[in-house]
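In what follows, a structure is listed as structure tokens, so that the remarks can point back to it.
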Amino acid sequence: MPLYVIDKPITLHILTQLRDKYTDQINFRKNLVRLGRILGYEISNTLDYEIVEVETPLGVKTKGVDITDLNNIVIINILRAAVPLVEGLLKAFPKARQGVIGASRVEVDGKEVPKDMDVYIYYKKIPDIRAKVDNVIIADPMIATASTMLKVLEEVVKANPKRIYIVSIISSEYGVNKILSKYPFIYLFTVAIDPELNNKGYILPGLGDAGDRAFG
């Protein structure tokens, strides 16, 4: 299963600040940017590369690495919470082409944990994805029921990219299993997997509403 939980001391340190309800809006956004950059570098370890030879200023030839896939990256930003996360990803992939998807889910407040939520895509602008060439990275800080992500994946899978990556900060166990059971070939990168969802579909312990905490 291509699931990567990046639970290193530095990522968990940043995540702890994100979870803290006393972290202010500016620092919340900055920490999302920091994690986006780190997760981008982790993704780069799975991209195609070639061994090359270069000559140093001292006239000595040496072997090196050229990550060829750095020229074949498309980042899709699920508005609005993913904006700082994508800012960090772009620091790792400065040549990436970008797309945006605006999606909203119908809020629920029942007695039981929702297994699916109605999602409406109100805006979509995605660059052409080259089949079996481009690596598509879909960014969303929180994967709860995975209803939004599955809706976006329906669009991306049709383009038949080389690889599809999902980047999140916190994912629920339910959401991860739901995505990877339907699309077992997808690479899912997250910092933490939380065990529960509440009756509104929010992750517990989570970090609250990422969009509201980042932008008010």
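Glycine is treated like the rest: Cβ placed from N, Cα and C.
Residues or ranges marked as CTP binding site in Swiss-Prot: Arg29, Lys30, Arg37, Glu87, Gly88, Leu89, Leu90, Lys91, Ala92, Phe93, Pro94, Lys95, Ala96. DSSP assigns Arg37 (CTP binding site) to a helical segment in the three-state reduction.
If you look up Swiss-Prot, you'll see Lys30, Asn31, Leu32, Val33, Arg34 marked as GTP binding site. All chains included, 19 other C-beta atoms sit within 10 angstroms of the C-beta of Val33 (GTP binding site).
For Arg80 (5-phospho-alpha-D-ribose 1-diphosphate binding site), the count of additional Cβ atoms within 10 Å of its Cβ stands at 14 [all protein chains shown]. Sequence annotations record features per position, and here Swiss-Prot assigns 5-phospho-alpha-D-ribose 1-diphosphate binding site to Arg80, Arg105, Asp140, Pro141, Met142, Ile143, Ala144, Thr145, Ala146, Ser147, Thr148, Asp209.
Annotation note: Gly208 (uracil binding site) sits in a coil segment as assigned by DSSP. Residues annotated as uracil binding site in Swiss-Prot: Ile203, Gly208, Asp209, Ala210.
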Cα-to-Cα gap, Leu32 (GTP binding site) vs Asp140 (5-phospho-alpha-D-ribose 1-diphosphate binding site), nearest whole Å: 11
Neighbour-count leader, CB within 10 A, binding-site residues: Gly88, Pro94, Gly208: Gly88
Spatial separation of Arg37 (CTP binding site) from Gly208 (uracil binding site) - C-alpha basis, Å: 22
